[in-house]
Amino acid sequence: MATIRIHDEQNTSIENQEEVEQFLKRQEVIYEKWDITKLPAGLKEKYDLTDEEKQEILDVFAAEIKDISERRGYKASDVISLSDQNPKLDELLKNFKQEHHHTDDEVRFIVSGHGIFAIEGKDGTFFDVLLNPGDLISVPENTRHYFTLQEDRKVVAVRIFVTTEGWVPIYEKENVNQS
C-alpha cells in the first residue's frame, strides 16, 4: 500500500488507503493496486533478472498491462531492475533525482522493493508517494517530478509507455535533489 508524505511545514503523512487514493485523485495521479501474489515465488525479491525473467514478469501481469494500456493509450512496456548489484546505481539515481517532466504519462508498477516518486502538487508543493510491491502509479504528463529509491535501495518495476521509444525527460532546472 502506498503512503504519502507532503513537503509542508508539518511534514504531513497520509497512510490510510482510502485517503491516499483520494489525495492522488485530486492531484490527477492514477493509483491502482495490482495483485502481487500472482508473481511466482522465484521472482519475488529477485533483482538480478535475465531477459527471460523480465519477460515472465510482463507475462504474469499481461492482463493488467493490457487493461491500463487500452484505457490510457499506452503502447509498450518493459521491466527495470535497480539495486546495489548494479555498479552504476548511484549514477542512475543522480539522474533520476533531477526534477523533470514528460510530454506523456510516467507509469510504474512496483514488482519488488520500493520506490519514491516526488511529485509537484497542484498547489506547487511537492509530495512523496512511497510505493511498495503491487502499487501502480501514473504521473500525469507535464507534471514535474523525480524518482528515487527508499532505504533498501532496490526496486523491480514494470514501466509502461505511450510510445515504443519510451519517454524522454525534459529538465528545466539544473539542480539535483538530494533530499
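Any Cβ shown, glycine's included, is placed from N, Cα and C.
Listed features, source Swiss-Prot:
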- HIS100, HIS102, GLU106, HIS145: Fe(2+) binding site (BINDING)
- HIS100, HIS102, GLU106, HIS145: Ni(2+) binding site (BINDING)
- GLU99: site 'May play a role in metal incorporation in vivo' (SITE)
- ASP105: site 'May play a role in transmitting local conformational changes' (SITE)
- ARG108: site 'Important to generate the dianion' (SITE)
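Where Swiss-Prot records a feature, it is marked here on the structure.
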residue	record	Cβ contacts under 8 Å, 6 or more apart
ASP105	site 'May play a role in transmitting local conformational changes'	ILE30, ARG72, TYR74, SER138, VAL139, PRO140, GLU141, VAL162
ARG108	site 'Important to generate the dianion'	GLY115, PHE117, LEU131, LEU136, ILE137, PHE147, ALA157, VAL158, ARG159, ILE160
HIS145	Fe(2+) binding site	GLU99, HIS100, HIS101, GLU106, PHE117, ALA118, ILE119, GLU120, VAL139
When neighbour density is defined as the number of other C-beta atoms within 10 angstroms of a residue's C-beta, which of the recorded positions GLU99, GLU106 has the lowest density?
GLU99
